[in-house]
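Written below as structure tokens is the structure these notes are about.
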Ligand SMILES: *Cc1c(COP(=O)(O)O)cnc(C)c1O
């Protein structure tokens, strides 16, 4: 390409094609979602080009008259939706929320207890992620494959032996609620701060369909706001903590680990939380029903869905062992070629140092739920996966049926206003620049 504008237009063209790809595909990545029209509108505002360092009404720059009011409102909404004493909507991602807590509540050299990567733990809780960056020593809870959860007795024993001042729970493969209530006596005995990373399940917690960590023993909850909570790519921290603990966490946010807090995304988060108040319970209940319908159908077709003992899932996520079909990587790529988008994932017995072709697939029901898929539709998705992977049916036929299923669901649901899902918005007027 020669002219600068050719690059610019090529990028626009790729963006347009990307939207069309997702319009015609079945999106099953468990950490993604689609936003509402009103929330999307916020992303395009001038908020996205400003700074507002510090806390509302105590800023470093001028020009924050409206930003302060928005931030106050988003904080209030978060406290209402999650029933928390404290809320900070500034972190720009789930990882940033986590680094803020780590920065505020630990010192280099401390030990922190965390879920193991093979058990679905997130990289920010690993030695080579944010926990390592803070110079901490992570010790993993034992994991129970049958239960697809941390092992309660083993975890209690580990906590008593290790006596960390900060304990972290919550995973990226999050099928069942963390046994916080069962461990509460141990938390009190060792006097630790209990931190629950709800990145994946925040929308289910908002909709009262998973667990309520702040009433089960957690002092701090962090999360991404774009996974089951269908908001902007952003983060949040919630607290039922002592005032000193909360102040330390907020210092971890700013000046600790961010400067700009992406004010347009924060406004979009506010809209998303208001929508969660109005539609969140129905949405989250359908998300869980859909995940379970997909899991049961895949299992009835003979595929190995984990967590059978507990009904496969109580969240948006299910995991499938696909070793017999060539492993997670091969199967995820095969499905991608048929417009079914999901990801390979480590399963509890995989070696986290060799993660390129893990045993499993991770599947999430939240985005298809958001565009109106029912349990019947999700059983159909399961049959398409089975036909593609196990029966090896013709690619074009699968793609065609994927598109038909998707064509029946064209609108974003559970939100204020109406929006055609995956629509491309062209706002640049290029005049007579030759295009
Ligand atoms: C996704 C995830 C994060 C990180 O969130 P980002 O918003 O992508 O930075 C943190 N913790 C867990 C458990 C996650 O699944």
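A Cβ is built for glycine as well, from the same backbone N, Cα and C atoms used for every other residue.
Listed in TrEMBL:
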| type | residues | note |
| --- | --- | --- |
| BINDING | 117, 121, 122, 123, 243 | (6S)-5,6,7,8-tetrahydrofolate binding site |
| DOMAIN | 14-385 | domain 'Serine hydroxymethyltransferase-like' |
| MOD_RES | 227 | N6-(pyridoxal phosphate)lysine |
| SITE | 226 | site 'Plays an important role in substrate specificity' |
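Known features from TrEMBL, placed on the structure.
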{"residue": "117", "record": "(6S)-5,6,7,8-tetrahydrofolate binding site", "DSSP (3 states)": "helix"}
{"residue": "122", "record": "(6S)-5,6,7,8-tetrahydrofolate binding site", "DSSP (3 states)": "coil"}
{"residue": "226", "record": "site 'Plays an important role in substrate specificity'", "DSSP (3 states)": "coil"}
{"residue": "243", "record": "(6S)-5,6,7,8-tetrahydrofolate binding site", "DSSP (3 states)": "helix"}
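Counting Cβ atoms from all protein chains shown, residue 121 ((6S)-5,6,7,8-tetrahydrofolate binding site) has 28 others lying within 10 Å of its own Cβ. Checking the recorded positions 117, 121, 226, 243 for a CB within less than 6 Å of any atom of ligand 1 leaves no residue at all. When the Cα atoms are compared, residue 122 ((6S)-5,6,7,8-tetrahydrofolate binding site) and residue 226 (site 'Plays an important role in substrate specificity') turn out to be 16 Å apart. Of all the binding-site residues listed (117, 123), 123 has the fewest other CB atoms within 10 A of its CB. Across the residues of the domain 'Serine hydroxymethyltransferase-like' (14-385), the predicted structure has a mean pLDDT of 97. Residue 117 ((6S)-5,6,7,8-tetrahydrofolate binding site) sits 19 Å from the residue listed as 'N6-(pyridoxal phosphate)lysine', taking the Cα positions as reference. Residue 226 (site 'Plays an important role in substrate specificity') sits 18 Å from residue 123 ((6S)-5,6,7,8-tetrahydrofolate binding site), counting Cα to Cα. If you draw a 10 Å sphere around the CB of residue 243 ((6S)-5,6,7,8-tetrahydrofolate binding site), it holds 10 other CB atoms from the protein chains shown.
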